[in-house]
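Structure first, commentary second.
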């Protein structure tokens, strides 16, 4: 019932005949004698020498009172036709959906008997709604309950944000009365105004209690919280302030997804499928929200997130993304969070990107391939990096933290035995080649993947190693890779060439550093001799490097021929005897090349010896 309907009923009752209003005369001793109440079982009784003649039921509580004090102040009771009570003398009235319940009606009953009224922020909103329900206006008595509660809200409650918060919390169960009477709107406007203006106060003069305003707003009901945040955004509050309150609210009411898994061995199909705990933090289990309410809370918070970058942390966005996936939020909301994370990816860390690959029961029933049962949701991270590349475009080159983040993430997901090589390779090739200054991190991730997946074919190994540039490996990484039997032979050959080149360059630098300092008076001739010696060393190093490259190329060519021959024999299923002959042929080719090199070496030495001998003979003859 609202005020309009009560007035209409009162008017219609007046047209029908005389009405009992404030001009009615009733015994004053009723007021003086009714100075207290007592409760028996589920009923309240007015202690008075005059018998009660009105029984009022509010919820499951019955109040025994007198009719005349209530009629003199409550337009609703005076406008209706009271029904005689069947169980006892007097009349009976049942108040349906009474705002505030029996406790509020008890306070109103005391007010009608002119007993002291204690208004406070806890009861003023229920009393304001209940007085509107009973139509306790000024036309029945000056200073009636509507005017008293309205004045208290305007001049006392709205003067303090703490009292305003208390009143707003008390409005949770007063819908729609609190909304229609503008109590909620006025409280939300005051809190939003206070939160916006509190940011303009200098840091050194802000009272410690005043700064708790943000924390207190984050304890409101979700509907009231959304009203406050929406009003703050309409007042153009700073995005950092709005974001801070939203993050605090999520800490208070949303669960924490604990992806601290027990290890790969505890993961698989059936009873060992991936499990992770959902902790409520400081919230008790008895007060925990249901899954649907969590989902609605997540969607509400994401809808009011400030669009400006830096308003909320990347850690918070990834936490919201994990929670959204767990509670099966809408795909549009998940996509929006992925875009936000992509634009703030520089501030992310590897632990935040390790999103558990949660599947509900319906999704698990549809899944038949074990490939889907990966520990982490790699597809989400792939989309995040795509959004980052779309947002940053050519600015990736100046952000080495992104390549380092991707290297560390690849090293973590490489430990998953169910991760397909295609997903790993696609992620490894996300960034452009020039985004990496060093491929040591990528090599570490590839080596971890090869170690976790020992059954990979040679083709898959070669395909995976193509994502790595051997020229961008440090010397330590090259030395480790040169002895790594998990790498394919072609990659090892390339790395060995790189190692030899690096070692020779290092040797040349060491030889240059060890040359003695020259004296100034002989600097001309000795400088020429030193330069000629350096040129000879460089020339020798280049020749040796070319010989090494040539031999490596020949070895690679022989290996390719051998591999092709082996595949041809495997496909045609030929006998092992022919394979042995061809293998001997290859070995002979190696031996022939070695003998040719030894022959050339002996010929060179003989020619050198002959030249020295002829030179000695000419010297002796002369």
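Just so you know, glycine gets a Cβ as well, placed from its N, Cα and C.
Keep in mind that TrEMBL annotations are predicted by a computer and have not been checked by a curator.
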Checklist line | Per TrEMBL, the range holding region 'Disordered', considering 490-512, 513-535, 536-558 | finding: 513-535
Notebook entry, point to check: What are the helix, strand and coil residue counts for the domain 'BTB' (52-121) according to DSSP?
Noted result: 22 helix, 17 strand, 31 coil
Item checked: Mean of the pLDDT scores, which run from 0 to 100, over the domain 'NPH3' (211-502) -> 80
